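Here is what Swiss-Prot says about this protein:
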- 1-18: signal peptide (SIGNAL)
- 19-830: topological domain 'Extracellular' (TOPO_DOM)
- 31: N-linked glycosylation site (CARBOHYD)
- 47: N-linked glycosylation site (CARBOHYD)
- 215: N-linked glycosylation site (CARBOHYD)
- 228: N-linked glycosylation site (CARBOHYD)
- 290-367: domain 'IPT/TIG' (DOMAIN)
- 323: N-linked glycosylation site (CARBOHYD)
- 356: N-linked glycosylation site (CARBOHYD)
- 441: N-linked glycosylation site (CARBOHYD)
- 483: N-linked glycosylation site (CARBOHYD)
- 501: N-linked glycosylation site (CARBOHYD)
- 679: N-linked glycosylation site (CARBOHYD)
- 680: N-linked glycosylation site (CARBOHYD)
- 761: N-linked glycosylation site (CARBOHYD)
- 831-851: transmembrane segment (TRANSMEM)
């Protein structure tokens, strides 16, 4: 019975509670208000009280407004209210549609709006106390704050969907706006779930790289907001995520990983750290060039710098693989070449005002600059190597100074007069070998600084006594620095040639201390000969040259054979090449000449006989000469009839030129006046001969060198031609002027012909014919009543001129009689006067030209 009564009472209590339950539709949090919305039929809060048991109480009231079916209740919040809105418990009163329901029970935060944050909540990945700034953060004492688990493998999140952080804020300060929340370590994106099931999304602070130390094949990345669980940590190098197995250790401030960079190129990389997929900014690391050694150069001359070291160039795959620069102090060194371990560049001379004797070197490759210090120290002599050329030692190095001030030390003792030359760059010093010194240590002192020393072992060398002629078989050598153990042995020479190898012993040997004179018999040879002389255990290899071919002259004979006279020729056609104007001429047979002083070949039309000729004998070139040619005459061509004063002839032949010496005789008389010019290379001469007509002539062409007749030819002159005449009335008579060409002296006869052939009574003589010049004659027409049958007054009729057996006829004479109109006759007279004036002008011009 008691149990039944208990259940009845419990049911009634529960019903009363559920009946008074408040179920909001939504919330809004503002700086100056809290807003809660309800359905019209639901219970709603009218006021709330913040209670401290036995201490204090702070009451606040809602203003509720019904709008259709939604009731909105607003709790005004003044600035002074924020500090009071915090208690051990919250009491509330409720109504339903204006009817009081109840007051006094503890109100859970489940029914209240979420806190309003006024600044971003962004804890460090290490966690710890973090300021949470906002309003309504702690209306009542919290036990915990719920965090949603987005990263199942995070060791701080256990295995559930949420994890709990002890919720007592770390500060009891009356500042209710900035409260301290203890946060566990984490990274990336996280969510806080408030008591009303609304959420706050936030992220931990992004990782930040402060520095990266390169320690051989490891990288030590130092920064903030890394994470100490490697499963959530990634590293990118140039946007490529490295193998997780290369990450050695992780912590909140440092990450250590493997990165073995072994390329011989200078490079730079961008590094990023990611925690929970949130990435840091890029941080650049560089593997800079490492210049370690540099040669010295003269400060006032400049010179070639050779910088040795590591990573002295960029990767071939780099888009800027030519962006390399070297700066010495404030001066730019011009790049000559670069490789992974060497840079060569030219440095200009420094002014004498530069007092420092050293300058720092900066090598930049794609904007990556060396971090080590390398100084260029000026004017410090150094030796890198040497070579022996017969009795000279060529020392290679730098800063050798000049021949007047530089000192030579041999075996630490200064010697004098040994320097032969120092080049202008001070990089090559030549000195004579001291007699009888086989090995020594040499150093150079310049600018009061002594160079390093280098050991020199003098080797045997040979010198040919004279340049051998191609006909010589006996070759004489002198051997120097022969060891005492070999001094009495017989030297042997070996000729090293592609076509013939021969070995012979000296047939004559003379010894003077360490010098051996010897003679060898060698088969006839030519060109440059490589040889090896051996005496005992000493061997010397070198080469000598036979005399170069020398041409004195080359002549071309009448059979078109060129013969060159000189010396140094050989009697093997395959060892000799002939060139004319750079064109090679192949020899067709052996040169049968035992004295090596002449060579002949047949001249062909395709060779440029006017070009320079030279020989290539076994690779040695002769001097260049011009061929002495003699003209070859074939025939004479007459292209046109001769005019009054002469005409052109064309002489056909070969090897002709403007100065070809020949004579022309016509009818036993030598032609003095002739003008010739070369046509068509050297195969024809066109000559203008001044010889008056009219009779044709037979001529001879004679070659002046031997006065032989080389051709006979004939030519004829043109007949006279008539162009126009003056106008004369036959019944009055008068002087008739005839204009034309190719008139000859004397004039035989001038006839006016009616029918053109002079038959019957249709012709009239013009008497007293006179030769004026080759273009004009005159004659006199006696006044006559003669008429021409069938010829109308004013018509043109024929006129014929005969001179020295040649005649010309033309229809140019105008037939006029006395019955002609006076005006017509006057016009004719005017025309004739104009004609005479023209003739006079022509005569004056001709006289003027002839006097020039």
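Residue 1 is the first one shown; counting continues down the chain.
Glycine residues also receive a Cβ, built from the backbone N, Cα and C atoms like all the rest.
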Cα separation, residue 441 (N-linked glycosylation site) to residue 679 (N-linked glycosylation site) (Å, whole number): 74
Spatial separation of residue 215 (N-linked glycosylation site) from residue 441 (N-linked glycosylation site) - C-alpha basis, Å: 44
Sparsest Cβ surroundings (other CB atoms within 10 Å) among the glycosylation sites 215, 356, 679: 215
Among 31, 47, 441, 501 [glycosylation sites], residue with fewest other Cβ within 10 Å: 501
Overall pLDDT for the domain 'IPT/TIG' (290-367), taken as the rounded mean: 88
Candidates 47, 228, 323, 680 (glycosylation sites) - the one closest to residue 356 (N-linked glycosylation site) by CA: 323
Largest tally of Cβ atoms lying within 10 Å of a Cβ, found at which of the glycosylation sites 228, 323, 483, 680: 228
Secondary structure at residue 47 (N-linked glycosylation site), reduced by DSSP to three states: strand
Length of the line joining the Cα atoms of residue 31 (N-linked glycosylation site) and residue 323 (N-linked glycosylation site), in Å: 60
DSSP-derived structure type at residue 323 (N-linked glycosylation site), helix or strand or else coil: coil
Helix-strand-coil residue split for the domain 'IPT/TIG' (290-367), DSSP-based: 0 helix, 42 strand, 36 coil
Residue pair residue 483 (N-linked glycosylation site), residue 323 (N-linked glycosylation site) - Cα distance, angstrom, rounded: 56
Pairwise Cα distance for residue 323 (N-linked glycosylation site)/residue 47 (N-linked glycosylation site) [Å, integer]: 77
Spatial separation of residue 501 (N-linked glycosylation site) from residue 680 (N-linked glycosylation site) - C-alpha basis, Å: 51
From glycosylation sites 47, 228, 501, the one whose Cα lies nearest residue 215 (N-linked glycosylation site): 228
Inter-residue C-alpha distance, residue 228 (N-linked glycosylation site) and residue 501 (N-linked glycosylation site) (nearest angstrom): 81
